[in-house]
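Engineer: Let me give you the structure first, and then I'll get to my questions.
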């Protein structure tokens, strides 16, 4: 390994020779990042991306000014999907170093899992990886059940079974119980539900290649809520939380579901399929039914659900939907504390009624007359949350993954959202 490049911080502007807007400069001692007090974390992250682009793979963060947040900002920009990198971290006290180490372990797990090729990460592998992560932080308090294939149909998990039956890799439901109380009858404080589509071709409503090439990341919601639970545990979560991951491939075959099919759910709802590429909501519905049955104070679902959310917010913000204004405010406050970008989008009672079907109670996609696709998708999900007006948050994970590098991120997964959800769980 080469000698580490030293990275220091300064509140002084760079020498004029580097230009008026220089964020870093190079000298015989290493690289200096020049902070301006406006968005120091963002500046550090962007500078780290540039340093990685120079081919520097071994750095030492040294000198005054390096704390947990600045160290983490550097790593967010420095980490990439190819090759290895080594960072010698600054001196931190034990508590702060533990916080940094937990971020490195858990959020890197989220990023690496989302970046994994679909060939390596099928529905069952995703569920098992989630179990392994959570057992690594709290195995004594974790129990779980994996239901897959025809067992899903027999137990009436019809959304998940319908979407996943077209693949040779069986669909899977992971139901995991984190119960630190030791009381098997303890109330469930929160349920987390994640969309785990390990590859989304669109089914018979097939995607073009330009929209399919990143669909290994369509399990980003499942990875995010798994990481959030693990991270909350490391921060001292002492309440019972259940995790439901709805994992499947959405592929084309002679056994794949088709337009016009009607899915009959356990809560009595019937859904006509008019777009097989609107499959995420169909699998989440099963998880939300189970979550509602637990009568928790809080239900959070996370999913890379709609292109409409990305159209509205790009890849820079996660979209938040809720009927519960107070709860939405709490999540946005958690996001602000963790310096993670969330933006609330509209969800009103009328969005629940913008999914008309001629043959069933609901359609799985809105018609051209109702173009607010992210809001109607959230409205669809609300039909599977028993008390949807209170205690439920839906996160459309538009900031989970980037197809191409930008100035602050490499291509691939970001890990954004993990800390915010963990913060809310432990508040």
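Each position is counted from 1, following the chain as shown.
Glycine is no exception: its Cβ is also placed from the backbone N, Cα and C atoms.
Pulled these from Swiss-Prot:
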- 207: active site (ACT_SITE)
- 281: active site (ACT_SITE)
- 195, 200, 218, 279: Mn(2+) 2 binding site (BINDING)
- 200, 277, 279: Mn(2+) 1 binding site (BINDING)
Engineer: Cα distance, residue 279 (Mn(2+) 2 binding site) to residue 207 (active site), nearest Å?
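Structural biologist: Approximately 13 Å lies between the Cα of residue 207 (active site) and that of residue 279 (Mn(2+) 2 binding site).
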Engineer: Filter the binding-site residues 195, 200, 218 down to the ones within 10 angstroms of residue 277 (Mn(2+) 1 binding site), Cα to Cα, kept in sequence order.
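Structural biologist: Among 195, 200, 218, the ones whose Cα sits within 10 Å of that of residue 277 (Mn(2+) 1 binding site) are 200.
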Engineer: Note the Cβ centroid of 200, 277, 279, the recorded Mn(2+) 1 site, then list each other residue of that chain whose Cβ lies within 8 Å of it, in sequence.
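Structural biologist: Here the nearby residues are 163, 197, 201, 202, 203, 205, 207, 218, 250, 276, 278, 280.
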Engineer: Hey, which of the binding-site residues 200, 218, 277, 279 is the loneliest by Cβ count within 10 Å?
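Structural biologist: Relative to the other binding-site residues in 200, 218, 277, 279, 277 has the fewest Cβ atoms within 10 Å.
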Engineer: Of 195, 207, 281, the recorded positions given in the record, which has the fewest other CB atoms within 10 A of its CB?
Structural biologist: 207
Engineer: Relative to the Cα of residue 281 (active site), which of the binding-site residues 195, 200, 218 have a Cα no more than 10 Å away?
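Structural biologist: Within 10 Å Cα-Cα: 195.
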Engineer: Under a three-state reduction of DSSP output, how is residue 207 (active site) classified: helix, strand, or coil?
Structural biologist: coil
